[in-house]
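K.L.:
Before I ask anything, here is the structure I am working with.
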Amino acid sequence: MTNATPTPVIVTGAAGKMGREVIKAVVQADDLRLYAAVDRNPDVFSLDAGELVGLDTLNIELTNELEPVLAAAAQEKQPCVMVDFTHPSSVYSNIRSAIAYGVFPVIGTTGLSDEQMNDLTEFTEKASMGCLVIPNFSIGMVLLQQAAVQASQYFDHVEIIELHHNQKADAPSGTAVKTAQLLGDLGKTYNPALVEEKEHLAGARGSLGSENIRIHSIRLPGLIAHQEVLFGAPGQLYTLRHDTSDRACYMPGVLLSIRKVTQLQTLSYGLEKIL
């Protein structure tokens, strides 16, 4: 369905791999329009956003200043959405700034702390504005997480392995943390100790979350984004795995989030909340 007035979209982290995919997806969507592209990389300043992603000229130059973009977007008649794929060090302030200007954030950047998430939830509720924080925009990953929740009814032992490219700044991944949280929300105690473990190298057994589920993080060139959830029981191993071969797989989830976030009045975490 094509809206009479397309929703304006700001892309932050526009020169990154995900940012470029978002620009292409937004430009190709009839009900959306690229409003601005923001990135701190000095090599792309003043470059046209279309040229950046291999499309025709869009007459939208990349800028490194988010605040003036948000201020201008606040004057638009149509609600504006900001899609953020930046860095854990800047995403929190980006969200607060967007909400302050009445721009709806869709966040793909991971690394927000629990304290920051609680603060942002309170901030969005006071503003009665929607904000989506999505650790993984892949429909396939949501299905994996749902399958893991079902499997947890029958297995008491589970560990998670997440594998990403070596330019990912945070570990463990937000997707792995989210998966562990979904399993922990069931109120089950996982991985009862059978022996007293001793690590000869710190961290050899991975990170241990409050759900008592260990998460192992791997960072290598050649990887994009992959996750395994391994359930073990006497005589059997049940493995769930999701592999990303192209970042285009995230775009249906990104576009859905852009279209849904303006209908919300508080922060929501996870793609499954809007499916």
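Keep in mind that glycine also has a Cβ here, set from the backbone N, Cα and C atoms.
Copying in the features that Swiss-Prot gives for the protein in this structure:
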type: ACT_SITE; residues: H164; note: active site, proton donor/acceptor
type: ACT_SITE; residues: K168; note: active site, proton donor
type: BINDING; residues: G13, A14, A15, G16, K17, M18, G108, T109, T110; note: NAD(+) binding site
type: BINDING; residues: H165, G174, T175; note: (S)-2,3,4,5-tetrahydrodipicolinate binding site
K.L.:
Give me the sequence-ordered set of same-chain residues, not including H165, G174, T175, with a C-beta within 8 angstroms of the centroid of the (S)-2,3,4,5-tetrahydrodipicolinate site's C-beta atoms.
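P.N.:
Counting only non-site residues, the set is T110, P135, N136, E162, H164, K168, D170, S173, A176, A225.
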K.L.:
Quick one: of T110, T175, which of the binding-site residues has the smallest count of other CB atoms within 10 A?
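P.N.:
Taking T110, T175 as the binding-site residues, the minimal 10 Å Cβ count falls on T110.
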K.L.:
Can you count the other CB atoms that lie within 10 A of the CB of the residue listed as 'active site, proton donor'?
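P.N.:
Around the Cβ of the residue listed as 'active site, proton donor', 17 other Cβ atoms lie within 10 Å.
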K.L.:
Rounded to a whole angstrom, what is the C-alpha distance between T110 (NAD(+) binding site) and G174 ((S)-2,3,4,5-tetrahydrodipicolinate binding site)?
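P.N.:
Approximately 5 Å lies between the Cα of T110 (NAD(+) binding site) and that of G174 ((S)-2,3,4,5-tetrahydrodipicolinate binding site).
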K.L.:
Report the member of K17, H164, H165 (the recorded positions) whose C-beta atom has the most other C-beta atoms within 10 angstroms.
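P.N.:
Compared across K17, H164, H165, the most Cβ atoms within 10 Å surround H164.
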K.L.:
Mind computing the max CA-CA distance among G13, A14, A15, G16, K17, M18, G108, T109, T110, which the record assigns to NAD(+) binding, rounded to whole Å?
P.N.:
17
K.L.:
As a test of the contact definition, list every same-chain residue at least 6 positions from G13 (NAD(+) binding site) whose Cβ is closer than 8 Å to its Cβ.
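P.N.:
Sequence-distant Cβ neighbours: G19, V38, D39, D84, F85, T86, H87, T109.
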K.L.:
Check each residue in the chain of G174 ((S)-2,3,4,5-tetrahydrodipicolinate binding site) that is at least six apart in sequence and keep those whose C-beta is under 8 Å from its C-beta; list them in sequence order.
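P.N.:
Looking at Cβ-Cβ distances below 8 Å from G174 ((S)-2,3,4,5-tetrahydrodipicolinate binding site), excluding near sequence neighbours, one finds T110, G111, P135, N136.
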K.L.:
So how many other Cβ atoms are close to A15 (NAD(+) binding site), meaning within 10 Å of its Cβ?
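P.N.:
So the number of other Cβ atoms within 10 Å of A15 (NAD(+) binding site) is 22.
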